[in-house]
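Student: Provided herewith is a single structure, encoded as structure tokens, for subsequent inquiry.
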Number of protein chains: 2
Amino acid sequence: MRDVLPPLRIGIAGLGTVGAGVIRLLRENREGISARAGRTIEVVAVCARDRTRDRGIDLSGIRWHDDAASLAADPDLDVVVELIGGAEGAAREAVEGALSRGTPVVSANKALLALHGASLSALSARHEAPLLFEAAVAGGVPAIKLVREGLAGDRLLRVGGILNGTCNYILTTMRETGRAFGDVLADAQALGYAEADPSTDVDGWDAAHKLAILAALSFGRPVAFETLHVEGIRDIQPADLHFADELGFRIKLLGLAREGEAGLEAWMRPCLVPKAAPIAGVEGVFNALLVEGEFAGSQMIEGRGAGAGPTAVAVVADLIDLARGARLPVWGVAQTCTPARCVERGQLSGAYYLRLDVQDRPGVIAEIATILSGYGVSLRGMVQHGEADDARDTDSVAIALLTHRTSEQAMLDTISRIEVLPSILGRPLMLRIEAG
Amino acid sequence: MRDVLPPLRIGIAGLGTVGAGVIRLLRENREGISARAGRTIEVVAVCARDRTRDRGIDLSGIRWHDDAASLAADPDLDVVVELIGGAEGAAREAVEGALSRGTPVVSANKALLALHGASLSALSARHEAPLLFEAAVAGGVPAIKLVREGLAGDRLLRVGGILNGTCNYILTTMRETGRAFGDVLADAQALGYAEADPSTDVDGWDAAHKLAILAALSFGRPVAFETLHVEGIRDIQPADLHFADELGFRIKLLGLAREGEAGLEAWMRPCLVPKAAPIAGVEGVFNALLVEGEFAGSQMIEGRGAGAGPTAVAVVADLIDLARGARLPVWGVAQTCTPARCVERGQLSGAYYLRLDVQDRPGVIAEIATILSGYGVSLRGMVQHGEADDARDTDSVAIALLTHRTSEQAMLDTISRIEVLPSILGRPLMLRIEAG
């Protein structure tokens, strides 16, 4: 425990906010980090696109590489830290290059881990080079350590939660103000809560990458990401939030993965959750992790979404673990295996919310109900925005239907029949109902 | 990474709910745990007070020791698991005995760790035998791993939170129903939320033990527990919750530790927190961990208080870490040192709430205000329960004072003068105001 170990020499690929933050943290808390790591951690090499940019940190004495592949091949490094981002290109080359040479890697790259989890874990095992990625799911909740280590003894049944603060902020604000998605998004962009290109957040990809990583850790097996059903929040209208509220629900962009009878059920999609469910109370930029284990039972942990500071701290946590000799397999268990495919959407079953904009004339509802019943879907409730609703177009009316438990295929078939009816205006919206 | 390792042979001292749960978990999830641990974990020895009691688990084939000291001395064990409880006696003997022989220990014993953190860490270091205790703070939040490993790279400024679900449930219910402490406690006992002997919970000791452990991990140094100021919630009256509400606050049993100018400031005490602070929204049996780091900033993580299932899972998490070769020093950093003494109560400064039951006659408030001002304490506000308050005794009136920032010594001096005045009925209650 008290041997004096040589410094851990690291190379950092990518010097954006997080990369520069890691260097600053390693310098400013050098003594504390050495005490925790049992040895010093030295940045000996870096690479980034632009050598001349002022990053507010002194890079003198640090070896410069012109590209990530060259850094990854640097024989003098004990660890390569990949902070470039993106599932392909330079990031993937750096990580694969380092692992192939037996060099341990720390990465903050959720897309890379989510999309290439199987090949990366095989590479890591073959070359006995650990790959750690606490910063890939660095929300305000220490999700990776919790699932991979804290709950390692339990048999996990379910994992997921509210994994994107931007979407949760937008949905919360839409509900509170009655404003439309586009307006609230524009404000969120102005406030810095949403990126200039919002697609990664609002189309559900960022959250889906996190879900795939959490599912792989929970079930000890990577997920075939292309089989994961991903929906964002662009189609949610103020009317939906209003209907949900009337019916006793909140709308949340929820991701869940569970081992079902037919295989791995995993999706990221907006859902109705009962107002009384703890997850319904997670509002604004907060994230929440749901984990259910056979022994530990259900747990929900809520925390604020994290920025560059906590992400740099998560990267350094992995470096300290490596400095102390951590040798965990990528997904927590040693055997390499083929990725788990998620069951097809049609094979899921559940209760659903269906919002339709219809022509305001007699017989429309009867027509819809007949189609639903033809597919074996039974209704649990219906509401319609009443006459007093000033905002509605007088020629159309919005109706919301809640179904009993049914197969998702029956819902998809129903919708394909309903959406071509002349009395249906615009696209129907179907949301899943989850107990939370 | 893929060497075949021999089984990890463990002995369990104490077969209550958690001990039996650990054995059941190790059996029922044997395959999953072996995959995570890289080797099997075998229970080869146990001890408990009563050999004949039916615990619903088969103990055949497991060596029985008649006492914990004998189990701790069993030369065939790779790990001793201490689940006896209590800071002294058999629990302490077992842990010290095992460590002295170089046998790693897993313990769920918060009192033991809080009271003997310095001597145990010295023993662990001297004999190079790790001591892990994830289950000692096994609320719904993975607090130990978060602070010791997840935030290991940061310089922590503050740690604490709402650390006892029973107290938080009682305070929440008192506020919601207006009922008295004793009534709500009796109900909580009937519901199983509080122990038959409630002192450990309601007098703040359970939460204080957790705080001492979190502070030791955060600052890398054990705390001299006897110097920690601990107050429980018995003196809180419905009137206090009512006053706090009127003034824009909630009352929470809060524990915080921070490195102040004069040294370590640490206490467990009921506090007023502004309603808008996230910690004020943590209600019922929920716990919340507050951590503030120089780099990661402030984080609050909320989770449901945990029972026997999650505690058993936490014990097994430590066993898996040991099976994988974890060798962390007890408090995260290697050097052994003397415990940190908390600064004296009088040296703290803050804003305070003071509730006085006074005779309802002219001049009383002037008298009190004069004494406060004599000690340099300036008032920020005052409320009195009005004439319309049916519940009040017509001869007495309750008043609540809020002070500006002052020294706690000035408050203590003021109270010692005020409480002997003939116009003061009953004991004054002073609560700290914290920003949350």
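Glycine is treated like the rest: Cβ placed from N, Cα and C.
As annotated in TrEMBL:
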- A:K210: active site, proton donor (ACT_SITE)
- A:A13, A:G14, A:L15, A:G16, A:T17, A:V18, A:G19, A:A20: NADP(+) binding site (BINDING)
- A:K110: NADPH binding site (BINDING)
- A:E195: L-homoserine binding site (BINDING)
- A:353-427: domain 'ACT' (DOMAIN)
Student: Give me the non-local Cβ neighbours of A:G19 (NADP(+) binding site): same chain, 6+ apart in sequence, Cβ-Cβ under 8 Å, ordered along the sequence.
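Tutor: Expected: A:I12, A:V46, A:A48, A:V81, A:L83.
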Student: Counting only residues 6+ away in sequence within the same chain, which have a CB under 8 Å from the CB of A:V18 (NADP(+) binding site)?
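Tutor: Same-chain residues close to A:V18 (NADP(+) binding site) (Cβ under 8 Å, separated by 6 or more) are A:L83, A:A108, A:A135, A:A308, A:T311, A:A312, A:V315.
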Student: Return the count of C-beta atoms lying within 10 angstroms of the C-beta of A:K210 (active site, proton donor), excluding that atom itself.
Tutor: 27
Student: Among the binding-site residues A:G14, A:G16, which residue has the fewest other Cβ atoms within 10 Å of its own Cβ?
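Tutor: Output over binding-site residues A:G14, A:G16: least Cβ neighbours within 10 Å is A:G16.
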Student: By Cβ count within 10 Å, point out the most packed of the binding-site residues listed: A:A13, A:L15, A:A20.
Tutor: A:A13
Student: Using the residue listed as 'L-homoserine binding site' as the reference point, find which of the recorded positions A:A13, A:G14, A:L15, A:G16, A:K210 has the shortest Cα-to-Cα distance to it.
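Tutor: Checking each of A:A13, A:G14, A:L15, A:G16, A:K210 against the residue listed as 'L-homoserine binding site', the shortest Cα distance is to A:G16.
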Student: For the domain 'ACT' (A:353-427), jot down how many residues DSSP puts in helix, in strand and in coil.
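Tutor: Reading the DSSP string over the domain 'ACT' (A:353-427) gives 22 helix, 27 strand, 26 coil.
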Student: Name, in the order they occur in the sequence, the residues of the same chain whose CB lies under 8 A from the CB of A:T17 (NADP(+) binding site) and which sit 6 or more residues away.
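Tutor: Long-range Cβ contacts: A:A308.
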Student: For A:L15 (NADP(+) binding site), which DSSP three-state class applies?
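Tutor: In the DSSP reduction, A:L15 (NADP(+) binding site) maps to coil.
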Student: Near A:K110 (NADPH binding site), which residues of its own chain have a C-beta under 8 A away, given they sit six or more steps off in sequence?
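Tutor: Result: A:F133, A:A136, A:V137, A:D206, A:H209, A:K210, A:I213.
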